[in-house]
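Written out below as structure tokens is the structure these notes cover.
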Amino acid sequence: MKLNRRNFLKTIGIGSLLVGLVGQLYTWIRSLFPNVSYESVRRVKLDEPDKIPDGVTFIDDIKAYIFREGKTFYAISAVCTHLGCTVKYVGLSKPKIVKIGGKEVEVKWEFHCPCHGSKFYGDGTNYAGPAPRPLDWVKVEISPEDGKLVLDLNKTVPQNYKLTV
Amino acid sequence: MAELEVKQKRLNGRGLFWTWSPRSEKEAGESIVRNLLLHWFPAKVTLKSLSWGYSLWLGTITAALFLILGITGVILMFLYVPSVERAYQSIKDIEYVVSFGWFIRAMHRNAAHLMVASAFLHMVRVFLTGAYKNGIGVGQNRPLNWIVGVVLLLITLLLSFTGYLLPWDQLAFWAITVGTNIAKSAPLVGEWIRFILLGGHEIEQNALIRFYVLHCFFLPSAVLILFSYHMWRIRKDGGLACVDNLVLSQKKEKVKDGIKSKTYSLLGLTTGRTVQVEATLLDEEKYTVNSVPFLIRRIGLVMLGTFIFVALISLFINAPLEEPANPNVTPNPAKAPWYFLWLQELVAITTIRIGGFVLNGAFIGGILIPGVLVLLLAIWPYFDKSSNLNTGVWFGKERIRQNIVFLVLCFFVILLIIIGTYMRGPNWEFYFPWEPWPEIPKKF
């Protein structure tokens with residue numbers, strides 16, 4: 001095509017209309033990506049440490065089990081690492097000794113997933129079913145304002161992260 | 001075809017739907033062109049295409065079910081509120097307060113289940129009859145129509161998936177949890193897809209409204225567009241594949257007799273030859289009848305039968321509603337509807353461990369295996385090198401091996417569905433149907 005004045009103007013004209021169309025397309029798609037999240041909290045404040053019951057408690061708001069052993073606190077996420085169902089805490093009638101990472105550990109409870117049958121030891125280590133990795137541990141901290149216990153899903157912690165107060 | 005007696009019925013009488021009444025076959029042909037609804041169909045149709053035994057009419061049944069779903073779906077749209085706070089209550093109202101609400105919802109749900117089944121069986125029929133193969137017509141592209149059909153089957157499954165989570169009950173909530181986590185396990189784009197599907201990271205209002213719009217607008221529109229194309233392609237491909245077979249078998253007889261072939265174009269409109277219009281190739285007198293009334297009558301019959309069947313079973317099989325969605329408690333066992341149970345079974349057993357390296361079953365069983373199956377399905381016509389004598393016949397002689405492989409794959413899917421339905425108990429553990437499930441404590 002020879003670029004004379006007519007063709008030049010035609011190309012510019014139709015081209016700019018098309019660019020306009022692409023721009024609109026972009027706005028349509030971009031609008032579906034939310035900028036603000038009104039979703040429920042990923043950080044929850046509990047009570048003062050000595051008011052947390054000994055043993056295990058399920059925290060609804062962030063789907064996690066918090067454990068207290070005297071002055072030590074730790075929390076394990078209840079979200080299955082396979083496909084995200086909520087795992088169930090299963091207390092064992094008899095503690096059993098298992099090998100986790102080469103060390104012998106006494107296990108008093110387990111977590112079982114109802115969706116696809118994954119099973120985890122008390123420390124979240126997966127041992128049966130399709131789950132590809134251990135349950136996440138949740139950051140436990142003391143709020144600097146009022147000394148209450150805080151669980152925060154936004155921060156990642158290694159397995160066996162425990163807080164002693 | 002003894003079951004259809006060809007009667008020369010005079011096509012006269014004006015009605016509300018005919019502005020013009022044909023007096024000859026040529027005019028009857030033109031009448032088809034002049035009628036919007038009828039020009040999906042040919043003027044004449046072979047008796048074989050009309051028979052119950054060749055096509056089993058599964059495509060028509062699927063279309064009738066889609067029609068039921070459209071009608072009941074629009075009614076339900078007036079009654080359902082897509083909000084996290086009110087969705088469950090509005091379904092409860094439909095069940096217990098709205099006049100005949102339970103019946104309409106049951107029809108919608110039963111038709112949905114049947115549509116998945118009939119679309120699948122339609123595909124099985126097309127495969128076993130080699131109906132995705134081109135025959136002898138000019139401009140045929142049946143493999144393309146097969147691909148369109150595969151896409152329609154996938155959309156049907158997506159429609160079911162987006163549909164059953166609208167009630168916002170336990171089934172709904174855990175289905176989206178698992179479904180979107182499967183999407184998340186896709187490499188690279190997974191996280192992104194889940195985010196755009198849910199409109200965030202959690203399953204909340206954004207997710208509900210998105211699935212609602214997909215279910216009520218995008219996916220049905222896609223079905224309508226593809227379905228129209230599916231139907232149009234059948235015409236362009238020269239009708240059902242059994243017509244090609246008929247022509248081929250007749251050709252052999254004719255060659256013996258030494259009759260010259262004469263070609264004319266249908267209604268003077270088409271260029272090139274299509275299978276129906278090669279006059280000497282298909283003995284019209286012997287093998288075909290007018291679409292009006294024979295084809296129309298039978299389609300009407302199948303549609304009515306489907307409507308009545310769905311209405312009848314809906315009197316006895318009602319749509320269930322589980323407890324309201326509770327993100328903290330996963331039901332035990334948590335089972336998907338039967339048509340997804342083979343996938344649930346797959347994701348549960350396909351996590352692969354090689355040394356320290358782990359591949360999540362969500363990816364293998366949820367994306368890789370189904371993806372490969374669908375891809376194989378879609379491209380299969382291009383690998384099928386059997387001769388066109390196997391087009392449009394049940395269990396064609398040259399296609400025995402591929403038919404067996406196909407049936408074995410179908411059988412595995414059905415087997416997984418049966419295992420998932422009847423042999424999986426709490427914690428997805430295996431129980432024989434006669435074994436009782438253990439008592440599961442409600443509280444931990």
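Cβ atoms are placed via backbone N, Cα and C, with glycine included.
Going by TrEMBL, these are the annotated features:
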- B:17-243: domain 'Cytochrome b/b6 N-terminal region profile' (DOMAIN)
- B:54-80: transmembrane segment (TRANSMEM)
- B:111-132: transmembrane segment (TRANSMEM)
- B:144-166: transmembrane segment (TRANSMEM)
- B:207-227: transmembrane segment (TRANSMEM)
- B:299-317: transmembrane segment (TRANSMEM)
- B:301-420: domain 'Cytochrome b/b6 C-terminal region profile' (DOMAIN)
- B:362-383: transmembrane segment (TRANSMEM)
- B:403-423: transmembrane segment (TRANSMEM)
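Within its own chain, the transmembrane segment (B:144-166) has Cβ neighbours under 8 Å at 69, 80, 82, 87, 91, 112-113, 115-116, 119-120, 122-123, 126, 132, 172-173, 175-176, 179, 208, 211-212, 214-215, 219-220, 222-223, 226-227, 229-230, 233-234, 237, 337, 339-340, 374, 377-378, 380-381, counting only residues six or more beyond its boundaries. Within the domain 'Cytochrome b/b6 C-terminal region profile' (B:301-420), the DSSP-based counts of helix, strand and coil residues read 77 helix, 7 strand, 36 coil. Here the transmembrane segment (B:54-80) has Cβ contacts under 8 Å with residues 48, 87, 90-91, 93-94, 98, 101, 104-105, 107-108, 111-112, 114-115, 118-119, 121-122, 125, 129, 159, 166, 216, 220, 223, 227, 240, 242, 298-299, 302-303, 306-307, 310, 392, 394 of the same chain, all six or more residues outside its ends.
On the 0 to 100 pLDDT scale, the domain 'Cytochrome b/b6 C-terminal region profile' (B:301-420) averages 91 in the predicted structure.
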